[in-house]
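A short write-up of the structure that comes next.
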Amino acid sequence: MDQQIEANVKTCKTWSIFKNLKSSQMLQASVNKLNVKQQHSFPWVATVLAGVLITTIVVDVIGNLLVIVSVFRNRKLRKAGNAFVVSLAFADLVVAIYPYPLVLTAIFHNGWIAGYIHCQISGFLMGLSVIGSIFNITGIAINRYCYICHNLKYDKVFSSSNTMCYVMLVWTLTILAIVPNWFVESLQYDPRVYSCTFAQSVSSLYTITVVVVHFILPMSIVTYCYLRIWILVIQVRRRVKPDSRPKIKPHDLRNFLTMFVVFVLFAVCWAPLNLIGLVVALDSRLSRAIPEWLFTASYFMAYFNSCLNAVIYGVLNHNFRKEYKRIVLIIFKILCFTEKFLVETMITRSPGCAWISPTHCDKLWLKSLFAFHLSKGYSFRPFVVH
């Protein structure tokens, strides 16, 4: 019995070692595939890509946090349709917190150093983010279509409980759509974009399916919804008379235009990458004809899209812009209060520098700090620096 248990333990250990070795070999293989192309990259390319990614991360995190907080704070923004906006902001936020910093690390080290597990998680979250974004944009389009074109049925179809179910359905479909990537081993490191991402060359049939189901089909639905809305808007504007009321209110039209711009920018940013994937899947020989700079640019243009939505809301939507200002003002007041409290505490305790080691007491710094804050109008007790 003991010998059988010992044999099972040895088998488990052997399998674990084999699995880890296989994982490392898979990552190394994915790196070596395109290592030759990476060596021919210009030095300034990495600098530009790092700059774009740092900007994307900063704007993405700040902007999408502002979007989420704004919707929860402002009653005017707490509508059924904006549940998809919050969901979309969350999808954009996911990539800025985990995958993008790993890509940035790969750029700085000129290669992936995080290991196979982080590579798979990063690729999974990137896929989750982009598919979640597409499905949420589709949900927004359907919501706007029902609100403007079928206004009488809207409250029943998009009640609070129903809307939450729709959002949950969006994320359920997103997870179901990304899971097959693990079975076909399509999440691999690509040195051209310093990312663990979907490998378009793994399977032509699977790549075509991904492009059609994850991009072309949702974009077709969104296009249909917005086309019907535009037709209705044009019809309403043409038949409006001085004594009649338009069916579409101005603020509803502005909200529609905001979401339409979100869709257009998403399509523009992601279309090149999906088009390249479709071309390569249809004829693998064409992959050599695609310039490396075009492939890299299409990827980072897609990455950059994750920080645009929050900016669009702030520029085109008055309620979002107003709430952004309120939140920033609150944060600024908190920072000012904290700074003032710390300076007052420092100046109160500074005589003789008894609160810190005398060897670390920088008298000149304390004097200049006091003079600077005095010039800004802060009133402090007189003190003497010994």
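Cβ from N, Cα, C; glycine included.
What TrEMBL annotates here:
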- 44-72: transmembrane segment (TRANSMEM)
- 63-313: domain 'G-protein coupled receptors family 1 profile' (DOMAIN)
- 84-109: transmembrane segment (TRANSMEM)
- 121-142: transmembrane segment (TRANSMEM)
- 163-184: transmembrane segment (TRANSMEM)
- 204-234: transmembrane segment (TRANSMEM)
- 255-281: transmembrane segment (TRANSMEM)
- 293-316: transmembrane segment (TRANSMEM)
Inset, instruction - Verify whether three or more Cβ pairs under 8 angstroms connect the transmembrane segment (44-72) with the transmembrane segment (255-281), leaving out any pair fewer than 6 apart in sequence. - result: no
Legend entry - Same-chain residues at least 6 beyond the ends of the transmembrane segment (293-316) whose Cβ lies under 8 Å from its Cβ atoms: 45, 49, 52-53, 55-57, 59-60, 62-64, 66-67, 85, 88-89, 92, 95-96, 100, 103, 129-130, 133, 192-193, 195, 197, 254, 257-258, 261-262, 265-266, 269-270, 272-273, 276, 324
Legend entry - Any contact, the transmembrane segment (204-234) to the transmembrane segment (121-142), with at least 3 Cβ pairs under 8 A: yes
Inset, instruction - Answer with yes or no whether the transmembrane segment (84-109) touches the transmembrane segment (163-184) by the criterion of at least three Cβ pairs under 8 A, sequence separation 6 or more. - result: yes
